Amino acid sequence: MDKTILGSIDIETLIRHLMIIIFGLVGLTGNAIVFWLLGFHLHRNAFLVYILNLALADFFYLLCHIINSIMFLLKVPSPNIILDHCFYTIMIVLYITGLSMLSAISTERCLSVLCPIWYRCHRPEHTSTAMCAVIWVMSLLISILNGYFCNFSSPKYVNNSVCQASDIFIRTYPIFLFVLLCLSTLALLARLFSGAGKRKFTRLFVTIMLAILVFLLCGLPLGFFWFLSPWIEDRFIVLDYRLFFASVVLTVVNSCANPIIYFFVGSFRHRLKQQTLKMFLQRALQDTPETPENMVEMSRSKAEP
C-alpha cells in the first residue's frame, strides 16, 4: 500500500500535482513576460504573431492545470459535472491550439526558406493573423463539438455514431499536426543542410528547432496517449492511469519550456550584465545571421525606452 499524506492523497499523486504547480508557476511567469514584451514592446513580424499566440495558449493551459491541481490537493469539490467537462474541454482547446501554432510556425518557416521570392513578394500581409484566428476557431470548434456530442448530451446519445466520429477525429487531429510538423521540419533541415541552399543559421531558426524538439519530447506524448487510449484502457488499466498523468506533467513542462528557450537562445554568447529581458527575446527571434554590425545595433537598443 502506498504511503499517504494529507489524508487519502498518496505520495506519488502529491508529487505529481506539486510538480504541475511548480512548473506551472514558472511557466505562467515566463509566458506572461513573453506576451507582455511581444504585445506591447516589440515590433511583430510574421513569426512573432504565432509566438505571441503560442505564449497566450501556454499561459492559459498552465493556469488551468494549476487550478485543477490546487483544487485536488485542497479537496475542493466541483459544483457539478458539467463544469468538469467544460474545464476539460478548455484544456483540450489550449493543447490543440499550442500544437497548431507550433506546426504553423514550422510550416511558415519552411515556406520562407523553400520559396523565398514568393514569401517576400506575394505572401498576403496579414496571413499570420488570419491563420492564428483560424487555429483558435478550429480548436474551439473541434473541442466543443466533441464535448457536446460525447459529454454534454443525454447519456442515451453519448455512444451514437456522431460521438464516435467526433472522438476519432479529435484523437487523430494531433497526429495529423505532428506529421505536418515533422514534414515541414525535415524539409527545412534538408534545404538548410544541402549544398545549393546552405545558409547560416539564425537565432530564430535555433529557437524554433529547440521548441519543436522540446515539444516532441514533452508535448507529443499526450497526443499519442489520446490516439492509443482506446486500446490501452481496455487492456492495461493501471498503465493507462500512469501514462495519462505522466503525459500531462510533460505537457506542463513543455508549456513552461518555451520562454526559457527564448531567453537562453537570446543570451547565448552575450554577457548578462546590463542586458534586459526585452533584448534577450528580441535577439532570440532575430531572423538575420549575426554580424558585428547588427550586434552593435542590438547593443545600442538597450538605451531605448
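Including glycine, each Cβ sits where the backbone N, Cα and C put it.
Since the structure is predicted, the reported quantities are computational estimates derived from the model, not experimental observations.
The N-linked glycosylation site annotation in Swiss-Prot covers ASN151 (among others) and rests on sequence analysis.
What Swiss-Prot lists as N-linked glycosylation site is ASN159 (among others).
Among the features that Swiss-Prot reports, topological domain 'Extracellular' is placed at 1-17 (among others), with the record citing sequence analysis.
If you look at the topological domain 'Cytoplasmic' (39-46), the same-chain residues 6 or more away from its ends with a CB under 8 A from one of its CBs are 52, 108, 112, 123, 127-128, 278, 281-282, 285, 287. The topological domain 'Cytoplasmic' annotation in Swiss-Prot covers 39-46 (among others).
Looking only at the topological domain 'Extracellular' (68-85), the predicted model's pLDDT averages out at 81. For 68-85 (among others), the entry in Swiss-Prot reads topological domain 'Extracellular', with the evidence type sequence analysis.
Taken from Swiss-Prot, the feature topological domain 'Cytoplasmic' covers 107-129 (among others).
Annotation comment: Swiss-Prot describes 151-172 (among others) as topological domain 'Extracellular'.
Annotation comment: Swiss-Prot describes 194-207 (among others) as topological domain 'Cytoplasmic'.
Residues or ranges marked as topological domain 'Extracellular' in Swiss-Prot (evidence: sequence analysis): 229-243 (among others).
According to Swiss-Prot, the feature topological domain 'Cytoplasmic' maps to 265-305 (among others).
Positions annotated as transmembrane segment by Swiss-Prot: 18-38 (among others). Long-range contacts of the transmembrane segment (18-38) within its own chain (CB-CB distance under 8 A, at least 6 residues past either end) are made by residues 44, 48, 51-52, 55-56, 58-59, 62-63, 65-66, 69-70, 248-249, 252-253, 255-260, 262-263, 277-278, 281.
Sequence-distant contacts of the transmembrane segment (47-67) (same chain, at least 6 residues past either end, Cβ-Cβ under 8 Å): 20-21, 23-25, 27-28, 31-32, 34-35, 38-39, 87, 90-91, 94-95, 97-98, 101-102, 104-105, 108-109, 128-129, 131-132, 135-136, 204, 208, 248, 251-252, 255-256, 258-259, 285, 287. Residues or ranges marked as transmembrane segment by Swiss-Prot on the basis of sequence analysis: 47-67 (among others).
If you look at the transmembrane segment (86-106), the same-chain residues 6 or more away from its ends with a CB under 8 A from one of its CBs are 47, 50-51, 53-54, 57-58, 60-61, 64-65, 68, 131-132, 135-136, 138-140, 142-144, 146-147, 151, 170, 173-174, 177-178, 180-181, 184-185, 188, 208, 211-212, 215, 219, 222-223, 251, 255. The annotation transmembrane segment is assigned in Swiss-Prot to 86-106 (among others) on the grounds of sequence analysis.
Among the features that Swiss-Prot reports, transmembrane segment is placed at 130-150 (among others).
Positions annotated as transmembrane segment by Swiss-Prot: 173-193 (among others).
Beyond its flanks by at least six residues, the transmembrane segment (208-228) meets 47, 95, 98-99, 102, 105-106, 109, 170-172, 174-175, 177-178, 181, 185, 243-244, 246-248, 250-251, 253-255, 257-258, 261, 265 of its own chain at Cβ-Cβ distances under 8 Å. The transmembrane segment annotation in Swiss-Prot covers 208-228 (among others) and rests on sequence analysis.
Long-range neighbours of the topological domain 'Cytoplasmic' (107-129) within the same chain, counting only residues 6 or more positions beyond its ends whose Cβ lies under 8 Å from a Cβ of the stretch, are 46-47, 49-50, 180-181, 184-185, 187-188, 191-192, 197, 204-205, 208.
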